[in-house]
Every structure is written in C-alpha cells, then in structure tokens.
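Here the structure comes first, spelled out in structure tokens, and everything after it is commentary.
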Amino acid sequence: MITIVLLILAYLLGSIPSGLWIGQVFFQINLREHGSGNTGTTNTFRILGKKAGMATFVIDFFKGTLATLLPIMFHLQGVSPLIFGLLAVIGHTFPIFAGFKGGKAVATSAGVVFGFAPVFCLYLAVVFFGTLYLGSMISLSSVTASIAAVIGVLLFPLFGFILNNYDPLFIAIILALASLIIIRHKDNIARIKNKTENLVPWGLNLTHQDPKK
C-alpha cells in the first residue's frame, strides 16, 4: 500500500506547475498567454524575470530529486528510485494540476539524475552550460545534454569513468528522458535549423541565430 501511495505522490510532486502558479499568484500573468506559452523555466525567465525564473528552476529541479529519494526516505524496498523519478517527470510533462499541459521536462529530469547519480548530473551540467555559452540557446543546450546523457550512460561504464557499472534500468530511463526532452523541443529544433531560435543575452551565438527574422 505504501508503495502505491508514494508512487502517486511522486507523480503529484511532478505535477506542481511552479512557473504557472508563480505567474498567476505573484504577477497575475498566465504564462500560457505570453512568450512561447510554455510554463517551464525558460519562458518564466523571459516573461517574469530572473527571480521567478530561478524559483521555477529550483522547484522543478528538486521535485524530481525529492521524488527519486522517496523510496530511500521511507526505506522502501523492491522499487527502484528511478521509477519514482520517472513518474515525477511524467507529472511535470502532463500535470494533473494544469490540465495535463506541462513543461519540457529538462529541469525535473536533471533533478532525477541528480538524486540517483549526482556526479553524472555534474557531467551533464558541464555539457549544458558549455553549450549554452557557445550557442546562447537553452533549447540547444537541453538537446545536447540529452544526447550527452545517452552517450555517457552507454560508454562511461566501459572505462569505469563516472559510472562504474552498467545499470539496465538507468540506461532505459536515460533513453526515455532524453527522447522525451528532444521530442518536446521539436519546434525549437526547427527554429534552430531556420536560425530563428530565441537566445539568452550572453554567450557566443556561434550558429548566428536571429530570432527577429
């Protein structure tokens, strides 16, 4: 019984639409009607500012971490923490508290990885922010980090680097999360190809995007 309750709790944690609620409560703004219409971290930064964007990121990240740690906190045996984390990501993407229309799963997925394999998460953070500096695009950084996660989970155990052993479930979860993130960024990928993707106000913009075109 406790297993079922905690699995439901993991989904409900993921379903907390932090950006949407922050916009409605503190700014009287519905993020779905502004910018990209997304309720995640990036659109929150653009529409509501740095403080709201950072708060959204922190909540979205750590709800993934907390969900992943639920079975450890309650000394639950028999179900991998990754399953709880996956349910949080599903909740974030399809939140019951926001009409099943959620974010792109980047921050919450990162939180899940942090809760299960923090050093591997650090590797992905380096990839993410390195790509962000070079390309000035959150979307490109998210997709690149997703691809790097797949490469890392498949290759690192061969060399005993960061990941010492192959974990079939971790591989499957990484493949699922990476696929979800890339699919959720399909419109961004199209804009990157057309060189019209939105930029952050720093970095090198090596692909010469011009969102005003």
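First residue shown is number 1, and so on along the chain.
Keep in mind that glycine also has a Cβ here, set from the backbone N, Cα and C atoms.
Record features (Swiss-Prot):
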- 2-22: transmembrane segment (TRANSMEM)
- 54-74: transmembrane segment (TRANSMEM)
- 80-100: transmembrane segment (TRANSMEM)
- 110-130: transmembrane segment (TRANSMEM)
- 143-163: transmembrane segment (TRANSMEM)
- 165-185: transmembrane segment (TRANSMEM)
Test the contact criterion for the transmembrane segment (110-130) and the transmembrane segment (54-74): 3 or more CB pairs under 8 Å, pairs 6 or more apart in sequence, then answer yes or no. yes
Among the ranges 54-74, 80-100, 143-163, 165-185, the one whose Cβ pairs under 8 Å to the transmembrane segment (2-22) are most numerous: 80-100
Chain residues in Cβ proximity to the transmembrane segment (54-74) (below 8 Å; excluding those fewer than six residues from its ends, i.e. six or more beyond): 2, 6, 9-10, 13-14, 16, 18-19, 22, 40-41, 44-45, 80-82, 84-85, 87-89, 92, 103, 107-112, 114-116
